[in-house]
Amino acid sequence: MRRRNMARIQWLFNIINVIALVTSQLTDISIVTSHPEGLEEIVVPMCKNFLPYTHTRLPNSHGHTTQVEVYRHIEHYWSYMDYGCSINFRKFVCAMFLPEYDVSTSRAVGPCKELCSQAKRKCKKVMQQLRSKWPKNWKCNKFKGANSNACLKPWREPNPDRGSVHHLYCSPIRISQCQNLPYHIGSLPNLFLQRNITELQTEFGYYDSLLATGCHAHLRLFLCGTYMPFCVHNANPFTIPCRELCEEVEAACEVHFALLNGGLPWPQKVQCHRFPLAESQERLRCFMPTDQP
Ligand SMILES: *[C@@H]1O[C@H](CO)[C@@H](O)[C@H](O)[C@H]1NC(C)=O
């Protein structure tokens, strides 16, 4: 049973990584937001709203000069953030590449050694099981100790909640932006193996500015069905948007997205190749806005 689950997860990860490779084209629109100290607002989707700070200063210690470069560098790790091996994994990766900047000392405030170790302790094995690796140059002892107060410390890990980890279940859609839709019940984990509703809500907030542009009438329905697949009766517990809907939304909203987010490409997670065509009988069921729930 465990082996079967692992094989399924491996399959999902392969898809996610292939998609990451395929989606390397982007429109290079850079918005220069001038800030006295050269600070810029964090716009990278896997980090924004998840950190105890909102701004960073580039270049970082890896020589990245734009958040588009940072996004490209860390998108491979997005799946581990979602998989939730540790709540400190995201914090660590984001703090390493998009550190807070302390204006009073003119120094970047990166992750503490303890934050690195905690993330590594919890995620190294999962990465190995999924045929990836803890990167060699992410050495924890090169970071400052938490007693220095000049680095980002780990959060306390919640108790693992083992039973429900890979089990698909339907429950009311509690993402606040997804109320008043024709669908009320969703299923978790989603396509990205996310199951923590607090994190889903935080991540969903990333799209508020895009929703506010009104770029497409069904953007909200599309995002809700992606982040929390609809549970349609018991027969179709995992109904995601059809590729045709994704393509329409992407075509209408991609430019707005780039303008709002420092030239970032349409996020990997909402790339249209991952959605099934309405026409074909693929293994995942999909919906179009005209369907009756
Ligand atoms: C869900 O995520 C939040 C925010 O990262 C975290 O505080 C909480 O402990 C997580 N819950 C579980 C069960 O992992």
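Cβ coordinates come from backbone N, Cα and C, glycine included.
Over in TrEMBL, the protein carries these features:
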{"type": "DISULFID", "residues": "CYS85-CYS123", "note": "disulfide bond"}
{"type": "DISULFID", "residues": "CYS116-CYS140", "note": "disulfide bond"}
{"type": "DISULFID", "residues": "CYS170-CYS231", "note": "disulfide bond"}
{"type": "DISULFID", "residues": "CYS178-CYS224", "note": "disulfide bond"}
{"type": "DISULFID", "residues": "CYS215-CYS253", "note": "disulfide bond"}
{"type": "DOMAIN", "residues": "40-154", "note": "domain 'FZ'"}
{"type": "DOMAIN", "residues": "165-289", "note": "domain 'FZ'"}
{"type": "SIGNAL", "residues": "1-24", "note": "signal peptide"}
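Put simply, CYS224 (disulfide bond) is 12 Å from CYS231 (disulfide bond) when counted between their Cα atoms. Using Cα positions, the member of the disulfide-bonded residues CYS85, CYS116, CYS140 nearest to CYS224 (disulfide bond) is identified as CYS85. Taking all protein chains in view, 23 other C-beta atoms sit within 10 angstroms of the C-beta of CYS123 (disulfide bond).
Between the alpha carbons (Cα) of CYS253 (disulfide bond) and CYS85 (disulfide bond) lies a span of roughly 32 Å. Within the model, the domain 'FZ' (40-154) shows a mean pLDDT value of 95, rounded to a whole number.
In the three-state DSSP assignment, the secondary structure recorded for CYS85 (disulfide bond) is coil. Among the disulfide-bonded residues listed (CYS85, CYS116, CYS123, CYS178), CYS178 has its Cα nearest to the Cα of CYS215 (disulfide bond). Cα separation, CYS116 (disulfide bond) to CYS123 (disulfide bond), rounded: 10 Å. Comparing CYS178 (disulfide bond) with CYS123 (disulfide bond), their Cα atoms are 31 Å apart once rounded.
Separation of the C-alpha atoms of CYS123 (disulfide bond) and CYS170 (disulfide bond): 27 Å, rounded to the nearest whole number. Each of the disulfide-bonded residues CYS140, CYS231 was scored by the number of other CB atoms within 10 Å of its CB, and the largest score is that of CYS231. The two recorded residues CYS170 (disulfide bond) and CYS140 (disulfide bond) have their Cα atoms spaced 39 Å from each other.
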